[in-house]
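Here's what TrEMBL has on this protein:
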REGION    1-21  region 'Disordered'
COMPBIAS  1-16  compositional bias 'Polar residues'
TRANSMEM  32-51  transmembrane segment
TRANSMEM  86-104  transmembrane segment
TRANSMEM  116-134  transmembrane segment
TRANSMEM  141-159  transmembrane segment
TRANSMEM  171-192  transmembrane segment
TRANSMEM  213-239  transmembrane segment
TRANSMEM  259-288  transmembrane segment
TRANSMEM  300-323  transmembrane segment
TRANSMEM  329-347  transmembrane segment
Amino acid sequence: MTSTVPASRDSPQAPGSVTPGALHRSAVRRSALLAAALAAVVVVSVASLALGSHGLAPAEVWDALVRGGTSEGAVIVRDLRVPRTVLGLVVGAALGLAGALMQALTRNPLADPGLLGVEAGAAAAVVTAIALLGLRTPGEFVAFALVGAAVVAALVHAVGAGRNGTDPVRLVLAGAAVSAVLYAYIEAVILLDPAAFTAFRSWRYGAIAGRDAGDLLVVGPLLFLGAVVALGLGQALNAAALGDDVGAGLGVSLRRTRVLAAAAVAVLCGAATALAGPIAFIGLAVPYVARLLVGADLRWVLVLSLPLGAVALLAADVMGRVVGSPGEVSVGIVTAAVGGPLFVLLVRRRRIPRL
């Protein structure tokens with residue numbers, strides 16, 4: 001006698017296993033959640049423009065955006081808070097999407113983009129540029145961070161590849177090993193060159209304040225390309241999540257899918273890290289929340305991770321300004337302090353879906 005197990009919303013369902021009516025209701029619900037997330041982006045953007053050491057009313061923000069002017073409030077909004085808000089939205093969206101892609105790639109719901117060594121590669125390249133070339137600003141070492149992230153991602157993929165292709169477990173182990181070596185190198189350079197530590201410190205803890213808007217123009221096309229590639233992999237990753245044999249039977253090239261996914265993670269996380277420094281929790285928890293809301297369909301998880309990541313990072317930045325007023329707390333410190341305990345609470349209270 002055999003028994004059947006109902007399909008879980010945490011597992012991709014085979015075609016034909018649900019009725020058209022259920023599919024329609026699910027699509028409507030997910031679309032509503034996406035609309036709500038986009039509305040949250042608008043709300044947190046207004047808060048980012050209005051709140052800080054110099055508080056502004058929403059009407060003042062609107063007047064500064066529409067009419068411009070030379071008043072103190074208009075200058076603060078136009079020259080400081082608009083670039084900061086845009087940078088926060090872009091970096092948060094990139095980290096959220098990179099995290100969702102990383103967790104799908106490794107089939108580990110607690111995976112972090114740092115497991116691929118991307119953040120370690122970017123940090124190692126930056127500290128090398130600071131120590132050897134005397135670079136001091138993000139605009140000067142953005143290119144080095146991108147190259148470091150890409151090279152290390154390629155190295156981790158090569159080390160993690162077996163005879164039968166890239167294995168998710170081998171990939172995670174390779175990323176952890178390479179990251180350990182790189183962070184040891186970073187600490188050695190900092191100890192030998194205190195001046196390098198001084199220049200590296202402000203970038204190392206993650207911040208979007210005081211960044212040059214021109215840096216975003218440099219890496220923006222790369223972020224856009226990485227996002228397009230990532231969003232285009234949703235269907236293939238859904239098939240791969242059913243197992244290598246099933247995925248191959250559905251006509252999916254697993255090697256190509258994993259190579260493209262790893263490359264997209266490197267570009268998204270590397271560029272975001274170059275702009276704002278290493279920022280914890282966003283890439284780890286945002287995909288987890290997205291799966292709780294829309295289930296395991298990676299097409300929706302990837303899409304929803306974009307606005308959720310933007311909201312999470314920008315909300316953390318606003319919180320840092322409010323809590324630290326008249327100064328401020330770096331967004332990387334806020335995400336680590338608030339996000340870490342919150343994520344532990346979520347893990348303890350809810351079942352973690354298997355990928």
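The backbone N, Cα and C atoms fix where each Cβ goes, and this holds for glycine too.
Because TrEMBL annotations are produced automatically, they should be read as predictions rather than curated entries.
Counting Cβ pairs under 8 Å that are 6 or more residues apart, the transmembrane segment (141-159) and the transmembrane segment (329-347) reach fewer than 3 and are not in contact.
Non-local neighbours of the transmembrane segment (259-288) in the same chain are 87, 90-92, 94-105, 109-114, 116, 118-119, 121-123, 126, 138, 141-142, 145-146, 148-150, 152-154, 156-157, 166, 171, 202-208, 211, 215-216, 219, 222-223, 225-227, 229-230, 233, 237, 301, 305, 308-309, 312-313, 331-332, 335-336, 338-340, 342-343, 346, 352; each lies 6+ residues outside the stretch with a CB under 8 Å from one of its CB atoms. Among residues of the same chain six or more beyond the transmembrane segment (300-323), those with a C-beta under 8 A of the stretch's C-beta atoms are 30, 33-34, 37-38, 40-41, 44-45, 47-48, 51-53, 84-85, 88-97, 99-101, 104, 208-209, 227, 230-231, 233-234, 279, 281-283, 285-287, 289-291, 293-294, 329-331, 333-335, 338-339.
Ranked by Cβ pairs under 8 Å to the transmembrane segment (171-192), the stretches 32-51, 86-104, 116-134, 213-239, 329-347 are led by 116-134. Packing against the transmembrane segment (213-239) from elsewhere in the chain are residues 12, 83, 86-87, 90, 93-94, 97-98, 100-101, 104-105, 138-139, 142-143, 146, 246-247, 250, 252-253, 257, 260-261, 263-265, 267-268, 271-272, 274-275, 297-303, 306: each is 6 or more residues past its ends and has a CB under 8 Å from a CB in it.
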